[in-house]
């Protein structure tokens with residue numbers, strides 16, 4: 001089944017009386033070379049389980065199924081389920097789950113669909129996805145905030161978001177997403193993708209980012225505090241870190257400055273000048289004492 005042909009895709013969608021939803025960010029990748037590159041960059045083995053978010057018509061899904069032991073595909077659009085049944089129904093290692101990926105527990109779903117082999121107390125799994133642009137940041141934050149048992153992510157996204165994720169301290173586009181991604185993983189842009197290889201073409205250029213997740217033992221409380229501090233710090237970018245934190249968290253300025261100095265952060269710096277590791281040290285000081 002030549003799913004990477006726009007003509008074939010149009011025929012399948014027409015057969016099911018479907019039109020693509022702009023609101024759900026439905027843009028199907030139809031270039032076989034780029035699809036194969038995504039699978040290659042994901043470094044999938046026959047012992048791996050892959051969580052795919054937004055399989056669409058199953059174009060990438062079929063290639064993932066060739067490389068992995070299991071593929072669990074999460075699709076929000078009920079109208080696409082008959083399409084996926086047609087395009088992936090012959091694959092014995094693919095399960096399609098109709099759900100909003102922003103609202104489900106990834107570890108639980110993976111454990112349920114792999115007989116407990118992956119997720120929770122099982123082995124780590126991979127995430128590979130051509131993400132809907134509107135959900136990119138929420139889904140990435142979700143993985144890091146929840147501490148899911150994910151070893152790597154290979155994600156197609158808007159090029160602008162990819163550049164924010166990999167931006168370094170001091171850059172105008174370095175922000176809370178940069179801090180989260182670079183503290184919990186090692187993100188790299190591994191592929192740039194033109195808009196012309198999608199059906200229908202989006203209005204922006206895309207890029208594929210490969211995230212290699214770092215091992216850490218943060219508790220739920222520590223993760224919560226880390227993200228609370230990072231978001232508060234970037235809430236008012238033009239202010240100093242001391243002003244931002246004292247204002248957003250309703251704390252006395254002199255107390256905030258004292259804590260910042262204790263962990264080696266100058267109170268007159270702005271959030272965009274502070275590396276991820278410094279935010280971690282700050283969150284640890286807060287967890288260990290009073291905030």
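For all residues, glycine too, the Cβ spot is worked out from N, Cα and C.
For the recorded site, residue 54 (S-adenosyl-L-methionine binding site), the DSSP three-state label reads coil. If you look up Swiss-Prot, you'll see 27, 29, 54, 75, 100, 130 marked as S-adenosyl-L-methionine binding site.
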Point to revise | Cβ-Cβ distance under 8 Å to residue 100 (S-adenosyl-L-methionine binding site), same chain, at least six residues away | key: 76
Point to revise | Residues satisfying Cβ distance under 8 Å from residue 75 (S-adenosyl-L-methionine binding site), sequence separation of at least 6 | key: 54, 55, 56, 81, 84, 96, 97, 98, 99
